[in-house]
Amino acid sequence: MSPTTDLYKPLSDDFILPSNRDVGGEKHSDPDASCTYLCGNSLGPLSKSSERLVHEELDAWRHRAVEGHFSHPYNRPWTKITDHVHPLLAEVVGAKEKEVVCMGTLTTNLHLMMTSFYTPTPNRFKILCEAKAFPSDQYAFASQVLLHGYAPADAIIEVSPREGEFHLREEDILDIIDREGDTIALVLFSGVQYYTGQLFPMASITEKAKSKGCICGWDLAHGVGNVPLSLHDWDVDFAVWCTYKYLNSGPGGIAGLFIHEKWNDEKKPMQAGWWGHELSTRFAMPPTFQPIPGAQGFQQSNPSALTIASLLGSLQIYKSVGMMQPVRERSLKLTGALESFLKKSRYFVPLEQAIKHDSQGRLGFTIITPSDPNMRGSQLSLLFLPQGSEVMRNVFKSLNSYGVIGDKREPDVIRLTPAPLYGSLKDCEEGAAWLEKAFEEQEA
Ligand SMILES: *Cc1c(COP(=O)(O)O)cnc(C)c1O
C-alpha cells in the first residue's frame, strides 16, 4: 500500500520525533517510543534532511569561511543559496519562481508588504480582516493605520462570526466587501485561522475584493504547507507566511512572501537593502539601488544560510512526496479520522448543544473547527466545557503526561493537528484514547 493509502505509515519517514520520555510523557508505557506529536500547526519537527543540510552548512563555514559565499563544498554558495529554495517554495504556494522570496520573518514581511500595498486615501483607507486575528497581525494593522494618521477604530473593520457561531460565513464576508468595499484599501485575512482552524475561501474572497478595487493580501502562516494554494491564479496581490509551522524549518525559521508579477513595474521596494539589488552588480557596491524585478527585489539583508538549509530540507521532502496534492489528500483522511475518533468519546458534546447547554456545567469538549473538510486544514480545535473552568488546563497537563503534544490557547481551547507528512492514524487513535483517559482522571 502506498503511504497515501496506508495511514499507519508516515508519508515521509524522514522526520525525527521526540520520544515520550523527552516530552515528559512519564505515564506512557513505552518511554522510548515517539511521542504523539499533534502540534505541527505550531512548530514542525526536525527532519533528517534538514539536520543533514544544516550540518553541511556548518561544514562549509568551517572549511571555507567567507569564501563560502562564492565557493561552497555542497554547491550552495551563500550568495545564491535561495535559488535552491525558491522553485520549491513557488510550487508549494502556487506561484511563479520570481513571485516568491524566502526572507526575514512573518511580521516584518507583513509590515514590508503593507508599506507598499496599504496606500490609503481619504475615501478608501480601511482594512478588512477577521475578528480575533493572530495578535501580531492585529498589532501590525493597528500600527500601520496609525502611521497613516487614522484611528484603528475607524480604519479597521473586523468580521465576526454570527451570534452563537464560531466560523465566518463566506456569504457574510463577501457581503461586507460588497457593501463597504469602496472604502476598503486592503482585505487581509489569514488563509487558515490559527484559533479555529477555519480555511477561508481564498479564491472567492480575493475575487470579490478585486471586483471592488481593493488590494487583497493573505497571511498564510497556517496555510502554507497545510493546504494547496494557487496564489498566482487566484490573482492574489501579496501574501506572507512563516515556515516553522507546517513547513518544518525550525524555531524562528526564515519566512517568505509572494508578490503577484503584475505589480512588478508599479511596486518597487520602499525599504531597500543591498540583498534586493541585482546580484550581478551587488558586490561592486554601487551607490544606487537597482532592484531584482519582482518579489526578490524586496530582500534587505544577507539571509541566514543555516535557516535556509533547514527550510530546504523540509521542502525537498515535500517535493519527494509529490507536493501539496498527496499531502492534502492524506490530510483530509487523517483529520477526518481524528474527528470521528473524538466524536465517539463519552465526553464529546455536539457544537449546537455546547452553545445552548454550556451553563449546565457538563464536563466535556466540543469541536469548533468546521466539520466540512473543505473548510479546514489539518487542525482541529477543541473547546473544553464548562468554559472558563480549569478543565482545559488539567486535560492538557494530563495529555502531556501520556506523551500527547498539542497546544493550548487560553482560555478553553486545545489544538490538535495530525500533520500529514509525519502524522499517522496511530497518532489520531492515541490522541483520542489519551484524551478519554484525561477526562476520566478529571472525574475521579
Ligand atoms: C504564527 C503566526 C505569526 C507569527 O509571526 P512571527 O513574525 O513569525 O513571529 C503571525 N501571524 C499568524 C497568523 C500566525 O499564525
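Yeah, the Cβs are placed from backbone N, Cα and C, and that goes for glycine too.
Given the structure is predicted, the values throughout are model-derived calculations rather than measurements.
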*Going by TrEMBL, Leu106, Thr107, Phe134, Pro135, Ser136, Asp137, Ser190, Asp219, His222, Tyr244, Trp274 bind pyridoxal 5'-phosphate; tell me which of Asn123, Asn264, Asn302 is listed for that site too.*
Asn302
_Please check the binding-site residues Ser136, His222, Trp274 against ligand 1 and give me the ones with CB under 6 A, sequence order._
Ser136, His222
_Cβ-Cβ distance under 8 Å to Ser136 (pyridoxal 5'-phosphate binding site), same chain, at least six residues away_ = Leu106, Thr107, Leu110
*Among Leu106, Thr107, Phe134, Pro135, Ser136, Asp137, Ser190, Asp219, His222, Tyr244, Trp274, Asn302, recorded pyridoxal 5'-phosphate binders, what is the largest CA to CA distance in Å?*
31
*Identify, in sequence order, the residues in the chain of His222 (pyridoxal 5'-phosphate binding site) that are 6 or more apart from it along the sequence and have a CB within less than 8 Å of its CB; answer 'none' if there are none.*
Asn41, Ser190, Gly191, Val192, Gln193, Tyr194, Gly197, Lys245, Tyr246, Gly377, Gln379
*Mind looking up the mean pLDDT for the domain 'Aminotransferase class V' (74-280) in the predicted model?*
98
*Report the same-chain neighbours of Phe134 (pyridoxal 5'-phosphate binding site): residues 6+ apart in sequence with Cβ closer than 8 Å to its Cβ, ordered by sequence.*
Ser190, Tyr194, Asp219, Ala221
